[in-house]
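Following this message is one structure expressed as structure tokens.
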Amino acid sequence: MDKQQLASTVNKVLDEMRQRPIPIGISSRHIHLAAADYARLFPAQPIQPKKALLQPGQYAAEQTVTLVGPKGRLNNVRLLGPLRQTSQVEISRTDARILGIAAPLRMSGNLQGTPGIRLISPFAELELSGGTIVAQRHIHMSPLDALILRVSHGDSVAVAIEGSDRRLIFDNVAVRVAPDMRLEMHIDTDEANAAGADAAQAWATLVTKP
């Protein structure tokens, strides 16, 4: 096989890899807590992992809280671990309407100017001064995944949701690259419902490049 044939074969394999299915994680409403806020809501209670998530070291905990807004409340909202530097509440647009909170669309961690919310646990209540967002849809990936897919951290791409009877293309999907990340697209329950997506059966494919 000469160099031209080898290059052609490599490019063909890479093109096939770029079309491989991307797993979908459907994010229900959940919270992340800073250590001090966790200690106040769950005094002397160690975090109890309930289910491991696809991203390494991350998990859904046994602990839940109630979210309370000006217009309503949402019960049994799951805590995700491990603990973070800053508390954050992630909800859908539908949840925001129920609560009566004008939660902005943000990437995780971009919390400046976000509204607060009241959290109630079985042990205590806590009023957060900010940190409530609707999470922007995004894809986690490793540097190798990014190299294969020809994207970079911070890029915005379009992604097709496949495997349902309501195939949908989402624009403005943020790319998040880190060495410890596994390939996975995250959408919220509103977005999953719009696409008729079930995490066990649906998948995503990259359809445009930045």
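Using the three backbone atoms N, Cα and C, a Cβ is placed for every residue, glycine included.
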Name the residue, out of E62, E90, that Swiss-Prot lists for the same Zn(2+) 1 site as H30, H32, please.
E90
Let's check the environment of I26 (CoA binding site): how many other CB atoms sit within 10 Å of its CB?
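Result for I26 (CoA binding site): 18 neighbouring Cβ atoms inside 10 Å.
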Restricting the comparison to the binding-site residues H30, R84, H138, H186, which residue's C-alpha is spatially nearest the C-alpha of R78 (CoA binding site)?
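Closest recorded candidate to R78 (CoA binding site) by Cα: H30.
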Just to verify a number: CA distance, S28 (CoA binding site) to H186 (Zn(2+) 2 binding site), in angstrom, no decimals.
10
